[in-house]
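Annotated features in TrEMBL:
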type     : residues : note
TRANSMEM : 28-51    : transmembrane segment
DOMAIN   : 44-291   : domain 'G-protein coupled receptors family 1 profile'
TRANSMEM : 63-81    : transmembrane segment
TRANSMEM : 101-123  : transmembrane segment
TRANSMEM : 143-161  : transmembrane segment
TRANSMEM : 201-229  : transmembrane segment
TRANSMEM : 241-262  : transmembrane segment
TRANSMEM : 274-293  : transmembrane segment
Amino acid sequence: MGDRGTSNYSEATDFILAGFRVRPELHILLFLLFLLIYTMILLGNVGMMVIIMTDPTLNTPMYFFLGNLSFIDLFYSSVIAPKAMSNFWSESKSISFAGCISQFFLFALFIVTEGFLLAVMAYDRFIAICNPLLYSVQMSTHLCVQLVAGSYFFGCISSVLQTSMTFTLSFCASRTIDHFYCDDRPLQKISCSNLYIHKLISFFLCSIIILPTIIIIIVSYIYIVSTVLKIRSTEGRKKAFSTCTSHLGVVSVLYGAVFFMYLTPDTYPELSKVASLCYTLVTPMLNPLIYSLRNKDVKEALRKSLEKRYLNSIFTVM
């Protein structure tokens with residue numbers, strides 16, 4: 001790995017992504033697993049976006065946000081998966097310095113944007129259930145666009161700060177990043193710099209990103225639950241809760257994986273990689289499944305789309 005004090009690697013031209021430290025014969029199995037997951041991500045999220053854009057009945061704020069969620073899931077998984085899969089067949093497993101910066105920046109951009117978007121979706125459900133008569137007025141098209149644009153804005157600002165802060169560090173003689181993508185913690189391990197200020201700023205950024213979004217989600221659902229419990233009919237309560245279960249499922253999967261990853265001690269790097277795999281690839285794969293299986297509107301739109309395609313194919317043959 002090299003001595004941290006021997007040389008400065010700030011002028012690095014490339015890094016090496018160690019990936020999963022398993023026997024070489026297992027690389028094929030891991031490649032097939034990554035390929036299967038990434039294929040499902042592409043099919044699920046592209047399919048969700050197409051359904052939302054083409055079905056007029058889904059032209060509502062909730063599905064506008066869901067379409068953006070699918071877009072984000074598609075792109076941040078695409079930042080990670082292709083390079084990880086190619087490294088299973090590569091002997092060098094190298095990634096250029098510029099490529100590492102790009103991967104780090106784009107992933108940070110999309111993952112932070114998703115956190116803010118999930119908070120926006122919680123607020124949307126709060127308005128829909130707690131103030132249904134004012135929903136169409138309060139959740140106007142203009143406001144929806146502003147909320148999504150704001151999510152991207154905060155994601156971009158956070159990503160610029162994290163990327164500039166990380167890649168102004170000095171790196172040691174070792175070029176090996178003990179991970180399957182360029183992430184902050186493994187990059188810190190090969191840095192020669194004093195990391196006190198870096199960790200302090202990282203903690204501050206995480207606090208102003210994660211805490212507000214979690215608070216918005218929790219407060220929104222406290223009001224939602226209190227409102228739903230006041231509904232007298234069992235059918236009414238069930239219908240109200242059904243519009244929230246998919247969102248809660250997505251929030252639980254994403255934040256559960258993120259917290260597990262960051263709470264995993266550095267002494268267990270392979271466990272940290274498995275946790276990272278959950279929120280970089282498994283979560284984007286599960287999100288469209290959660291929404292399509294738990295949402296009657298999406299299932300109905302999908303059914304109509306398949307019927308339309310089937311009828312068109314019949315007429316084409318005739």
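Including glycine, each Cβ sits where the backbone N, Cα and C put it.
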Same-chain residues near the transmembrane segment (201-229), Cβ under 8 Å, at least 6 residues beyond its ends:
112, 115-116, 118-119, 122-123, 125-126, 129-130, 154, 158, 161-162, 165, 184, 237, 240-241, 244, 248, 251, 255
Using a Cβ distance cut-off of under 8 Å, indicate which of 143-161, 241-262, 274-293 has the most pairs with the transmembrane segment (28-51).
274-293
Determine the mean pLDDT over the domain 'G-protein coupled receptors family 1 profile' (44-291), rounding to the nearest whole number.
88
